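*Asks:* One structure follows; several queries about it will come next.
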Amino acid sequence: MASHALIVLQIIVLSSLAATAFSLSPYYYKNICPQALPTIKTLVEAAVYKERRMGASLLRLHFHDCFVNGCDASILLDPSPTIDSEKGALANQNSARGFEVIDEIKAEVDKICGRPVVSCADILAVAARDSVVALGGPSWKVRLGRRDSTTASRTQADIDIPSPLMDLPALINNFRNQGLNQRDLVALSGGHTIGFAQCLAFRGRIYNATNIDPSFAKERRATCPRTGGDTTLAPLDSTAARFDTAYFNSLVKQRGLLTSDQALFSGGSTDNLVNTYRLYPQVFRKDFAQSMIKMGNIKSLTGNQGQIRANCRMVKN
């Protein structure tokens, strides 16, 4: 009986150690390559300084990566005979951008580290954080140690990446499928305090919606006609290059650009959270950081799973 109890205890201890060994940690590269994170930060700051919109683009890459089979850099893989590239998904085609910046970061980090030890998935996660900080947003300790996928799925991307046309129940269900709750939904949607959207994504709202400020609709129609101009950009809020709470203020005024934005404040269960974030910016900043950490943990590959790509755009043979 005693020996059986000892064996059970050893199994528990070993399982615990294995889980610890393969869990993500903010200090993963501390000894492996201490200059990795400062290098990423420098290059992200340079990219955002050159083009403020790039900060939102890098944040969006991480978001769209995590929602499709986890945060594994699958979004970066180019199409090939064996890769059904997520770049061709409806939410990414002619829309997702920043790939060249990630390539530049990867090349420089591998050079600094002497070999490919930093995953593309971790680069995406850190670049998202550094982009938010560069635009005046909160910082957080990014948990690291992700590995890169060897597959991608355009089909899954079309299913899992939330559509700008979704109503509140659809959004809640979409986030729930990723292990995220309504607080995460509203906080992460607050990432739309930076960046732009294409006419194609909001045309239906500005011409057909009833829960929209008429003057705002008229303003947006000036650059987004009923036909044509699909890729014409409009800011997601009035301060698209600054991380603040203007996004939530716009929702209360029925000036949300996307249907999925305004859905957060249309008499539903998330109205109170929108008001909280609008009135208490520090609460939003804190919750956004916590939700980013939570999102960054979705189905991460660790240990011997996946690989560390030498080129973020292709699987290493």
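Heads up, the Cβ atoms here are built off N, Cα and C, so glycines get one too.
According to TrEMBL:
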BINDING   H192  heme b binding site
BINDING   T193, D237, D244  Ca(2+) 2 binding site
DISULFID  C33-C113  disulfide bond
DISULFID  C66-C71  disulfide bond
DISULFID  C120-C312  disulfide bond
DISULFID  C199-C224  disulfide bond
DOMAIN    23-316  domain 'Plant heme peroxidase family profile'
SIGNAL    1-23  signal peptide
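Burial and contacts for the listed features, if you can.
*Replies:* Sequence-distant neighbours of D237 (Ca(2+) 2 binding site) (same chain, six or more apart, CB under 8 Å from its CB) are H192, T193, A246, Y247, N249, S250, L257, listed in sequence order.
When other Cβ atoms within 10 Å of the Cβ of C113 (disulfide bond) are tallied across all protein chains shown, the result is 17.
The 10 Å shell around the Cβ of C66 (disulfide bond) contains 30 further Cβ atoms across the protein chains shown.
Sequence-distant contacts of C312 (disulfide bond), defined by Cβ-Cβ distance under 8 angstroms and a gap of at least six in the same chain, are A73, L76, F99, I102, D103, K106, C120, I123, D148.
Non-local contacts of C199 (disulfide bond) by the CB criterion (under 8 A, 6+ apart in sequence, same chain) comprise T223, C224, P225, G229, D230, T231, T232, L233, A234.
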*Asks:* List the residues in the vicinity of the Ca(2+) 2 site, defined as same-chain residues other than T193, D237, D244 with C-beta within 8 angstroms of the site's C-beta centre.
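*Replies:* Along the chain, the qualifying residues are G190, H192, I194, L236, S238, T239, A240, R242, F243, T245, A246, Y247, F248, S250.
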*Asks:* Taking each of the disulfide-bonded residues C33, C71, C224 in turn and counting other Cβ atoms within 10 Å of its Cβ, which one has the fewest?
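*Replies:* Each of the disulfide-bonded residues C33, C71, C224 was scored by Cβ atoms within 10 Å; lowest is C33.
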*Asks:* Rounded to a whole angstrom, what is the C-alpha distance between C71 (disulfide bond) and C33 (disulfide bond)?
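*Replies:* Computed Cα spacing between C71 (disulfide bond) and C33 (disulfide bond) is 21 Å.
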*Asks:* Reported as an integer number of Å, what is the Cα distance between C66 (disulfide bond) and C33 (disulfide bond)?
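*Replies:* Rounded to a whole number, the Cα-Cα distance is 24 Å.
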